[in-house]
Amino acid sequence: MKFLLTTAFLILISLWVEEAYSKEKSSKKGKGKKKQYLCPSQQSAEDLARVPANSTSNILNRLLVSYDPRIRPNFKGIPVDVVVNIFINSFGSIQETTMDYRVNIFLRQKWNDPRLKLPSDFRGSDALTVDPTMYKCLWKPDLFFANEKSANFHDVTQENILLFIFRDGDVLVSMRLSITLSCPLDLTLFPMDTQRCKMQLESFGYTTDDLRFIWQSGDPVQLEKIALPQFDIKKEDIEYGNCTKYYKGTGYYTCVEVIFTLRRQVGFYMMGVYAPTLLIVVLSWLSFWINPDASAARVPLGIFSVLSLASECTTLAAELPKVSYVKALDVWLIACLLFGFASLVEYAVVQVMLNNPKRVEAEKARIAKAEQADGKGGNVAKKNTVNGTGTPVHISTLQVGETRCKKVCTSKSDLRSNDFSIVGSLPRDFELSNYDCYGKPIEVNNGLGKSQAKNNKKPPPAKPVIPTAAKRIDLYARALFPFCFLFFNVIYWSIYL
C-alpha cells in the first residue's frame, strides 16, 4: 500500500514539473513574438487604423502598406544606380601567413526608390530618420564583398544600422561591419615590399541590367590617420576602379573596388633580423685571429655562428607563408649562413695544413736554415764549449761544482772560505750538515744533492711548428671575408632598396 502511494505521489510531481516547464516555454515564445516587428504590409487594417492620421507613423504606414520589398525599384525599367562610399574606422595589419587583412568600416549605400517619396502633406525635414527594424521592410541591394573571408555585423548596444528616407525617395543606409579580406601578397621584395590590397563590392544576384554600383564622387573612401605596426598607408595612395565581372550562363555583374597601397616599414626587420645576423657573421671572423692550433676555441665559435644563423632561418620560415619563390630576406639569410659556414670550412683547411707531416718537416727545415743564416748555428755552439773542445760550458761547470761541493760544510767559516754571498742570508739555527757549500739543503743519504735532480729534470715540451701555408690562409681570410661580405652588401641593398 505504501509503495502504491509513493508511486502515485512521484507521478503527480513529475506531471506538475512538466506542466510548469511547458508554460515557461510557451511564455518565452510569446515574449519573442511580442518583440517581433511586423512591416505595415503585414499588419491588419485594425492595427493601422489605431495610428493617428497626422503622425509620422501613419505616413510610413501609407508608404509601406502596399510596398513589396521583393521587387526592385524601376522594375523592368532602367537599372538602379547605387552610390557607394566607405568610412574606415580601423585598419588591421596584414597577416603574411594567411594573406589577409581586417578592417572595420561604415558601409554606406544610397539609391532612389520612387515608391518611398514622402507625401506632400509631410511637414518636417527633408530626411526622415527611421528605426533600423524597418530596414528589412525595404528593398535593398544584394551587395557582398567578393574577396571576403569572414564578416560580421555589430549589434552592441543596438544594431549598428542607420536608415534615412529622403523626401524625393532617396534611401541612405549606413551599417558598421568588421570584415576579413583576402590579399594575395607578392613577397619577392620582403621585407622591403609594397603590397596592394583590394576591397571588391559586387552584386550577388542582380545583373548589370538591374543594378549598378557607382563610387561616390569626390572622396568615396574616407580614411583618417591610421597608424599600422608594420605598414604605412596614405590617403593619396588609394585607388578606385571598376571590376564588373562576367559569369558564363548568368551574365555581367556590377562590381567596384578600392585598392590600398601599403608600404612595409623595414625598421623592425633591421633591428630584429639584419643587425643580429650581420653581427653573427662578423663574430665568425674572429677565428681568423686565433692561433691555428687552438681548435678548442675556433671550432665552437664556428659551430655557434652556423647554428645561430640556421636557427634564425627556421624561426622566420615558420612566420611566413610557404611560397615557392625566393624572398629578399631569404637571400640575406642564405648569404649569411654561407659566410658562417665558409669560416668553419676555412679552419678545416687550416687544420689540414697544420697536420700535414711534409709541410711540418719543411717548416722545421726552413726554421733551422733561417737560424743558421742568422748566426745561431755553429758559432753559438763553439762559444758555449770549453776551449773549443766540444764540451758544453754548463756541463763542465756543473761537474766542477759537484766535485767542490761533495763535502758538507760544517761551519760558517767553510762557507766564508768559499766566498759565498749567501752566508748572511742563512738562518741562525740552521744545521750545517744539511747544507752544501752553496748554502742549499741536501739529502743526507744522497751526496749528489739537487745537482743530480736538475740533470734528471725533463726539458720543456717544444712549441708546435705551424706551417707557413696555414698562417697564410688565415692572413688571406682576414681580408677576403670582410671584402666579399661588403661587396655582397653593396649589391644586395642596391637591388632591394
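Yeah, the Cβs are placed from backbone N, Cα and C, and that goes for glycine too.
Quick caveat, the model's predicted, so the values are computed rather than measured.
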Swiss-Prot annotation, disulfide partner of Cys197 among Cys183, Cys243: Cys183
Swiss-Prot annotation, N-linked glycosylation site - which of Asn242, Asn387: Asn242
Membrane-side pairing of Ile179 with Ala294, Swiss-Prot annotation: no
Pairwise Cα distance for Leu307 (site 'Important for obstruction of the ion pore in the closed conformation')/Asn242 (N-linked glycosylation site) [Å, integer]: 51
Cα-Cα distance linking Cys197 (disulfide bond) and Cys243 (disulfide bond), given in Å to the nearest integer: 14
Whole-number mean of pLDDT values that fall within the topological domain 'Extracellular' (23-268): 87
Surrounding residues of the topological domain 'Extracellular' (316-327) on its own chain - C-beta under 8 Å, 6+ positions past either end: 96-99, 185, 187-190, 273, 333
Surrounding CB atoms that lie within 10 Å of the CB of Asn242 (N-linked glycosylation site), all protein chains: 12
Three-state secondary structure, Asn242 (N-linked glycosylation site) (per DSSP): strand
